Every structure is written in structure tokens, then in C-alpha cells.
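Noted in TrEMBL for the protein shown:
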- CYS534, CYS537, CYS574, CYS577: Zn(2+) 1 binding site (BINDING)
- CYS543, CYS546, CYS561, CYS564: Zn(2+) 2 binding site (BINDING)
- 301-467: domain 'Helicase ATP-binding' (DOMAIN)
- 569-721: domain 'Helicase C-terminal' (DOMAIN)
Amino acid sequence: MEIAKVIVDVPAKSTDRTFDYLIPAEMRRWIEVGSRVGVPFGHRTVQGFVTSLHERQEPGRFKLKPIQELLDLVPPLPPDLVELAGWMRERYACGEIMALQAMIPTALKGKAERYISVSDTESQAAQDGLLLADTGMEDDSEREIVLFVQSRTQVPLGQLSRRFPEQAEMIKSLLRRGVLQESQYIKDKLQKKTLKAVDLAVSVEEAEAALAAFPAKAQRQREVLAWLLELSPMLPVAMKEVLSGLQVSAATVKSLEDKGLVTIDDVEVFRDPYRGRDFKPTAPLPLTHEQQHVYERVVGQLDERTHGVFLLHGVTGSGKTEIYLQTIQRCIEQDRQAIVLVPEISLTPQMVERFKGRFGDQVAVMHSRLSAGERYDEWRKIREGRVKVAIGARSGVFAPFKSIGLIIIDEEHETSYKQEETPKYHARDVAVKRADQHGAVVILGSATPSLESYHAARSQSNDEFAPLLLEMHHRALGNKLPEVHIVDMRNELRGNNRSMFSRDLHQGIAARLEKGEQIVLLLNRRGYSTFVMCRSCGYVSTCPNCDISLTYHQRSNNMRCHYCGYSEGVPETCPECGSEHIRYFGTGTQRVEEELAKLFPGIRVIRMDVDTTTEKGSHEKLLKQFRDKKADVLLGTQMVAKGLDFPDVTLVGVITADSALNLPDFRAAEKTFQLLTQVAGRAGRHQLPGEVFVQSYTPDHYSVIHASRHDYLSFVREELKHRRVLHYPPYCRLILVTFTHEQLPLLVRLAENYTANLEGKARQRGWFGSLDKFTGDVMDVLGPVASPMPKIKNRYRFQCMIKWRGNIDVIGLAREVADDMADAVQNQKLLISLDVDPQMLM
Ligand SMILES: Nc1ncnc2c1ncn2[C@@H]1O[C@H](COP(=O)(O)OP(=O)(O)OP(=O)(O)O)[C@@H](O)[C@H]1O
Ligand SMILES: [Zn+2]
Ligand SMILES: [Zn+2]
């Protein structure tokens, strides 16, 4: 093939297509679909991806420019991912280059020089006196190549292809088999992360002796030393963790250093958080009845080797993870690979542990806290087929496996599966598409499936994916779901209790402390201060048109609807009950922690929120401490709600259920239901029975009530009714169009132009109208209005929301109208961004 079609890395409307380049003769054997190349573009050289190869049709008619450089010997993207990028372009109205870039590890995006070397295991074999011939070398030319590379330690990529121009296939094969490896020269300074770490300077015995002999007045130092002793197998620990974990000052640690008991050093952050760690191997458990049924359905589909999607709705503790493990086992036996997506990998160390425990080294973990280099290493293991299972967050869906059999999406309802930056894809939809390409099975697992998935499974109408519903109603260990009590916080106020803890929850905590059982406390901090609520009666102002909470704007001191623009003033007293206790709502975890310490002197609290979990591995450590019963309370934001399995947790408290309920988002009720159900599910998972207190100012809201009864179906029924009446998904689809500009008047004009043009074109096509009045195919536009965050980094933001249903290409139209404004975008520096099926509406 002489011609390569290339998508160049110049994100603009005019460059969102392929450009033809001539493939120089010496590169012909190397370039494939998915190759990354350097090509001349205008006056510069840019990166690009080869999306197809062609013979030259009419030689000499156009003078094509040649590809200048080949950036990798083995293409970073297999053809199926290149195809997927084309699909994403249409589905999410994004530039194709954005989709392609999202699929490769960051380490490949930079300009670092790339090298080929002999892989570590091969070098080891050589050192151990084994002949290379014994390690699978196929013939003399292969050996020649390997010896050439080995003699030079590292060979720049270009040099190797020039030295062995005819051996392209062989070299690629050596790379794919992992005999040779590609690496990049990483500047040590940039890549090595160091951090202040504390370690014992003396032996454990000496430290214990020192501790015993410590003067009583040096209480803080004693605490630090005692803590370090407890952690001794895991040392060193980050200085930050000592400080935040024990609430001591750096000076305290420093005085221990002065006494020669501890060291404080800059240490390199671990390369692979799992390296050298032993995971307790586990064997498959005999399945329960319900599990067996689900297992057989999934395995039946796997054995057919055809595409299928299952929605696994299983209550908390029903043993979904065991299903994942055993179906993956089958997938591996079929010589296919599996991808497991989890909402946020660093939040789910238990999950990683379970997979590593079952599949050991066959698992690659794509961890958001890994450095770019480390992630690249994991990615390579996947591409070279050295692992069978990839676990990762959202972007794990692009794991470059060759033959995927199974894709699992755990907690499929989680919003983190939607990427909020371009390309604004949803990993669930991408997973379904990717599985389709591979003839693979998808399992969407959750105790609280998203309404979109559940509705699709129920109605079997959505043709993009209509999952088959599988259900598990019982916990695997046979125990009951915990009893949930709703606490009416309005009564607390009336009873003159102004604390954030109700009398019931207070008693519950005290009782657990006495018995030595453990407590999980959830504080939902999202939506902090965005809404105005009456503490006497629970009243919250909502938009008369859209039925979502109005958002408080400090600047203008009024409240606004972010869907349609409605606004009103902030009331001095509650319009419902006349109370003056109407205020901006929200407290932080730190305040809860302080209050706990006041109410229960000596209580041991582990606080888990964004502040205490910035260090790599900090979640894992905090959770380990909790599991080892080094604390009574695990207090945190949403991160304590998910997937944790601790036997001694018998009490769960939700400080305020309402803060999620009053987000200005039509999914607020759904999110509240999910969060309450998930966090309640942390209690009483093993032998001891669990109890849950949910504090609320709106205790009769259906999301709170149904969650307290563990009644997913009734919740869904009621919520779907609302969605149908108000025209929200799953009864229609949405596109959120956001405009940003430095000058407000110009921005408003351009945003209005956009909506007017969109409406005009939709009318021409006979699509436009109110979803209320028309049945069938129809689209409507709300706005433009100021965005919930009206100004970010000196740019004003406006938005409009497109609602539509039926079989009309509204995504294409929205994009077309945006493209028509390319001049304004170019000359006046307007930014337009389209979010198809948005999750974040705030
Ligand atoms: N077949 C089985 N036999 C014995 N124990 C089991 C079995 N299946 C699961 N378990 C145990 O039951 C507990 C709950 O299982 P798991 O954590 O997988 O539930 P889950 O459905 O993922 O729950 P959640 O949605 O709350 O995360 C775990 O401790 C697990 O080891
Ligand atoms: Zn009131
Ligand atoms: Zn409104």
C-alpha cells in the first residue's frame, strides 16, 4: 500500500477528517492501521494516526507529501479501536482525533525519545546462562536482532528499523511476544515522584522499649511512635498521613527524629503499588442458587461467542463479585480476555484485591494514581497479551486486548463512567459497542441500576442496547438487609437539638462504641451551599417549570433554575411555614469529626474525603486501618458508600440525606436513592445484624422512603412517572450545549444565534416542537441561560439544553449548527461544547 489516510492531531472542525499521505518505501512494511506517525501539516510536523491504507489510484495527479516519521514499531491502536473512534465521533459529536487520543496512554502522547530493548525476563534468562534459543527464538535472524539490541542495551526505534528494513514482521512479532520491549527515555527528574516519608530509625524492639520509657508529658510523640509501631510492616508512611491521621504537627515528628527514633526522608513513590504485595489466593466459592442461575445465563452466552448484554441487578451483598470472578474464569479458559470497569479504581482497593487474589499476575490494574510511566507499563502488558484481565476506571474500556470475551461494569449506575471532558463518552455505551465488535458479553452490575439501563431492559425498546435483566434478591451469606430508620430532623430542631446528630443516631453510636462494633458515617458534601432549605419544615425552592431545585447565587443574591432560566429572590422567612431557620445548607466532614470528638471523647475516627486521600495508596491504608479495627468510625463522603465489605460494621449513619436530593439535577432523586441504598448496604454484611439511621429534613420523599425499605422497584416506578411527565431521560435524550467567551454581551448574542439557527433548521425538517404536544419524533430547545457556574477562569458560560426523542439525527444537527459557527469560533474565540447524554447538569 502506498497511501495512508491519516487523522492529524489538530483539533479543529476543518481538520476533523482524514488527509492522504504517501508512505515512503522504507516504511511500507511497518505502517499499519493504527500506526502513529509524524506528518508535515502546513508548516509544521504534527502527530497523526493511520486509519486506513490504500493503493495509489491516479498516480501523479496530486502531489502527496510523504509521512516523515513512524512513532512506534507496533501500532499503539489495534484496528478495532480505530474503528471505535469513528463511532465515537458520531455518537458524541467529538473530533475523531480526540477519541483516538483518549485511547492511548498519556506516556505515548509526549515527545519523549523511544527505544527498543530486550525485555527484563529475557535478559534475566540470558544472565542465568540460558541460551536465547531456549526462550522461544524462532530462527537465526530473530536471534541476530535480539543480540543486536542486547549488545547496545537500548536502540533508538528508527535505528532498528533502518538496520533491519526487511525484518518488520519479525521485529513486530518479537515485540508482541514481549521478547523485545519498547520504552521511552524518561527524564528521571520529571518522572520520579518523591515525598517526605517517616520510618522507624531503630528496631521494633528498641522502639517499643523507648515508648515504654517515654515521659508522660510527651503525649503527642508517644502517639506518633505507637502508631508507627502498629504500622511497622507497612513503613515508611507519608509524612502527610502521619500529620492528618493523628492531627499532630510536623514539629512533633521532628522531635522524634531529633531523639534518633525515626527518620524523615525524601523517598521515591512506589512504582507499582501492587508489586511485591502478596494477595491471598482465593478459590471459586460454591455458588448460591441465585448466583448459579445468573452464572449459567452468562456462561451460556459466552459459550456461544456472540454479543450479549446483561443487566445484573443484585442487592447489596448478593455476591456479584463472585459472579464476575467465575465468569471471567470461563472467559480465560476460552482463551479470551476480560475487562473490568470500576467507578474509581483508587477507591476500590478491595475489588483489586479480590481480582488479584483469584487471578494473580494475570491481572493488570490501570490505576489513576499510577504515574504515566507506570500506566504505560500496565498498558503494554495488556497489548502484549501478558495478562488476561484488565481492571480500570472509565478509560479501561479501551484496554488494547486482541480478543475480548467479557466486559464487566461494576456499579454501572455511577456517574463517573461519563467523561466530562471531550470526548464526552459514557463507558457503558462504549463497552456495549466494543463488545459488539468482539462478539463479547457485557455484564452491567449494580444494586441500584440506572433508570436508563433498567428501563431499556424492561421495555426492550432501545435498539442501541437492550440488556437482559438478571436479578439476585438475597444476600450471598443468607443474612437480611439491614433495618433502616428514617430520622425526621425537623423534630430534632423542635426538640431543641441543634446538633448534626439526632438523638437516635447519637444513641446508636454510643451503643456500638460500647460493644466494640464499627460505624460508617456518610456525609454527602456535594451540592454544598447551592440550595436554600428551611430547617424547620424542609422546604426547598424549586423551579415551577422544571421541578428541580433552584440554585443559590451569592453574587446576585437570588436563586435560579439552570434548565430554563427562571429566577426569584431569596426568602427571609420560609414561604411554607414562616420559620426563620431558612439557610444555605452544607457542612464539611471536618466539622462532623470535631463534633464526634466532642460528643464521644476518645472516639477513633478515620476521615476519608478528598483532603485525606490525596496520597497514592492512602485509601488502601485508611481502609486497612479500619478493617484492622484501629478505628471505630469511618467517616466520609460518597467514597465510603461503595463496595466496601467489613464484617464488624453494624451501624450506618447518613448525616443528611437531603444534600443530594436538592441538587439542581433531574436525577437528584435517583442519586439519593442510589447513595442511600449503597451506604445502607455496608451494614450487617456478615454475622452481625446491621442497622441504619438516615437523617433527613424531607423524610417523606419517595427516594428516602423506598431506599429505607430496600425497594428498588417501587422507587423506579414512581421516578419513571415523574420522568415521563416532565420529559426527562429515559423518555427523551438530552444534549447540553455550552458556550464560553470572555465578553458577556457577545457570548449572549452568539448563544442566541446558535439556538435560533438550531430551531430554524429543526423547523425546516419538521422536527421542532414541544415534547408535551407532539408524539413520536420531536425536538425542543431550552435556553440559552447562564450556566450553573457562570464564570470559570475569566470566561463566561452560557448553555442551552436540547431535548429530543425518536429516530432523528439531532446529534448531527447540533453539530452541524455548531460547525456553521466555525467563523465565530475561529475569529472571536468562542468555544462551543456539545455534551450528548450529559450526566452533570450543574
Ligand atoms: N457463593 C458464596 N458463598 C459464600 N460467600 C459468598 C458467596 N458469594 C459471595 N460471598 C460473600 O458475600 C459477601 C458479599 O459479596 P459481594 O461483596 O460480592 O457482594 P456485592 O453483590 O458485590 O455487593 P455490593 O453491591 O454491596 O458491593 C462477600 O463477603 C463475599 O465473599
Ligand atoms: Zn419552613
Ligand atoms: Zn426551570
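Just so you know, glycine gets a Cβ as well, placed from its N, Cα and C.
Curation does not apply to TrEMBL; its annotations are automatic.
Note that the structure is predicted; figures quoted are calculated from it, not measured.
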Applying the rule Cβ within 8 Å of the centroid of the Cβ atoms of CYS543, CYS546, CYS561, CYS564, what extra residues of the same chain belong around the Zn(2+) 2 site? PRO544, ASN545, ASP547, ILE548, LEU550, HIS562, TYR563, GLY565, TYR566
Filtered by Cβ distance under 6 Å to ligand 3, the binding-site residues CYS537, CYS543, CYS546, CYS561, CYS564, CYS577 reduce to CYS543, CYS546, CYS561, CYS564
Within 8 Å of the centroid of the Cβ atoms of CYS534, CYS537, CYS574, CYS577, which other residues of that chain place their own Cβ, given that this set defines the recorded Zn(2+) 1 site? ARG535, SER536, GLY538, TYR539, PRO575, GLU576, GLY578, SER579, HIS581, ILE582
Filter the candidate list CYS537, CYS561, CYS577 of binding-site residues, keeping only entries whose CB is under 6 Å from an atom of ligand 2. CYS537, CYS577
Relative to the Cα of CYS574 (Zn(2+) 1 binding site), which of the binding-site residues CYS543, CYS546, CYS561, CYS564 has the closest Cα? CYS543
Using C-alpha positions only, work out which of the binding-site residues CYS543, CYS546, CYS561 is nearest to CYS577 (Zn(2+) 1 binding site). CYS543
Reduced to three states, what secondary structure does DSSP give CYS574 (Zn(2+) 1 binding site)? coil
I need the nearest neighbour of CYS534 (Zn(2+) 1 binding site) among the binding-site residues CYS543, CYS546, CYS561, CYS564, using C-alpha distances. CYS543
Pop the Cα-Cα gap between CYS537 (Zn(2+) 1 binding site) and CYS543 (Zn(2+) 2 binding site) into the table, whole Å please. 19
Just checking, which of CYS534, CYS546 (binding-site residues) has the fewest C-beta atoms within 10 Å of its C-beta? CYS546
Can you give me the Cα-Cα distance between CYS537 (Zn(2+) 1 binding site) and CYS561 (Zn(2+) 2 binding site) in Å, rounded to a whole number? 22
Which residues does CYS564 (Zn(2+) 2 binding site) neighbour through Cβ under 8 Å, counting only same-chain ones at least six apart? CYS543, ASN545, CYS546, LEU782, GLY783, VAL785
Across all protein chains in the structure, which of the binding-site residues CYS537, CYS543, CYS561, CYS574, CYS577 has the highest Cβ count within 10 Å? CYS561
DSSP-derived class (H/G/I helix, E/B strand, else coil) of CYS564 (Zn(2+) 2 binding site): coil
Taken over the domain 'Helicase ATP-binding' (301-467), the model's mean pLDDT: 90
